[in-house]
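Marked as signal peptide by Swiss-Prot on the basis of sequence analysis: 1-42. Look at Swiss-Prot and you will find 43-522 tagged as topological domain 'Lumenal', backed by sequence analysis. Sequence annotations record features per position, and here Swiss-Prot assigns N-linked glycosylation site to N241, N428 based on sequence analysis. According to Swiss-Prot, the transmembrane segment annotation covers 523-543. Residues annotated as topological domain 'Cytoplasmic' in Swiss-Prot: 544-563.
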Amino acid sequence: MLEEAGEVLENVLKASCLPLGFIVFLPAVLLLVAPPLPAADAAHEFTVYRMQQYDLQGQPYGTRNAVLNTEARTVDADVLSRRCVLMRLLDFSYEHYQKALRQSAGAVVIILPRAMAAVPQDVVRQFMEIEPEMLAMETVVPVYFAVEDEALLSIYEQTQAASASQGSASAAEVLLHTATANGFQMVTSGAQSQAVSDWLITSVEGRLTGLGGEDLPTIVIVAHYDAFGVAPWLSLGADSNGSGISVLLELARLFSRLYTYKRTHAAYNLLFFASGGGKFNYQGTKRWLEDSLDHTDSSLLQDNVAFVLCLDTVGRGSHLRLHVSKPPREGTLQHAFLRELETVAAHQFPDVSFSMVHKKINLADDVLAWEHERFAIRRLPAFTLSHLESHRAGPRSSIMDVRSRVDSKTLTRNTRIIAEALTRVIYNLTEKGTPPDMPVFTEQMQVQEEQIDSVMDWLTNQPRAAQLLDKDGTFLSTLEHFLSRYLKDVRQHHVKADKRDPEFVFYDQLKQVMNAYRVKPAIFDLLLALCIGAYLGMAYTAVQHFHVLYKTVQRLLLKAKAQ
């Protein structure tokens, strides 16, 4: 029998039996010569940043889920249920996002360009409008953001092509494509998100004590340092509120020099406060006021506060607006400051449009509009200076608020306006006859654009979401060190949410590693099993009826020789 099998195999290799040779050897040949799938194509690992998840005043916001293990599709696909929907920022719209949620998608991954500064302005404005709407609704669908790279872009394009072909092909083509196409399984490495217990929101206070008696008037300068956006790890907050903190630090530097010399040491206390939790209903300011007004007898806030100046989003545009809850009365120091701002802007910077915006405090709202409202509730005269017309403006809470959105010259100009107006109030220069077009800060005492630039670069070199800034982290220690160079009695204040009725709750798993594995669909395994079964059946039949096969081959060979 073995000799007969050898003879058959020898005959099979002859040209006349080439089709039969294909049948016998083709599967083995294909397995041997098929190139292996490159490792880079088989799997890709990349970092993803989860959408906000927090509770504020007992109200949940953002996504409530972090675990992802499902197949990728683009929004063009007809069926998105239990699929990971990939969207590029340039093609993103709120309607597409809603479509994914309505169809019970397993997850949404939004792919961001590497250079955010190069994103077209119409796309930036549209996404800034969408971000608050995304956060306003609670969703159980995990929502992630990823920064585009070549491999991730290739995954998106392949997935998009597969999704598009399913929508436009015939039923047979769809079935064939479904059985043979490559897919991508998206898997996150982290666990389900959990509430972070005992998280501290930190604020930093410093002061310059005025020259004279104990009962000197106090001017308070406030800016919150934290940033906010739809994804905490992408929240750089360049304009809101990196610009405000930059101005506060520059004012601290300038007035510390003035307060160094007795001749220019004013009879005003200057209290500087870099507040934390500004994007979460100004939690740092709220606790600071409670501690200063209700639980201590030695605070500068208790006696003779002239006014509180809050700085929020002052890094671009040709407008400056003073937002007030109650218009200042004539004869008060806050009214004098308002007039000095108008005077300096009109005479020294005529290209700047200055105005006052009056908005009453709405205590029915879950979140206060501006930081000065925290002080106004405690009957302290306060206002917020900003280039924004409304507290609902998109740049105040967007991941699109990157370094390129802050114009250095504009920020320097606005710093000069604020410094000049404050100085004219503190030293009563207008009453002393100083011309309105004469700048106070010149030569060695001028506002330094290089200093402001370096501070802005430092602030926007890291995300500053409140959930990410630990009290012992480098950011807060650097901020405290910077203030200590110019101010006295610099110290930290901490806020911790109440365990029984917390005003705010943060959650973890905000940054994870996601893996995209190239996979075949389940129907491909079924098709492959059918093909293998058919091949094995043919082989089994050939072995069982080997004598028939042998006689058939012999007959074919004899016929060929006879011809």
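Cβ coordinates are placed from backbone N, Cα and C, and glycine is handled just like the others.
On a predicted model such as this, the values are computed, not experimentally measured, just so you know.
Within the same chain, residues at least 6 positions away in sequence whose Cβ sits under 8 Å from that of N241 (N-linked glycosylation site) are A223, H224, Y225, D226, A227, G278, L311, D312, T313. The Cβ of N428 (N-linked glycosylation site) has 12 neighbouring Cβ atoms from other residues within 10 Å, across all protein chains displayed. With DSSP states grouped into helix (H, G, I), strand (E, B) and coil, the topological domain 'Cytoplasmic' (544-563) comes out at 18 helix, 0 strand, 2 coil.
Summarised as a single figure, the pLDDT of the topological domain 'Cytoplasmic' (544-563) averages 75.
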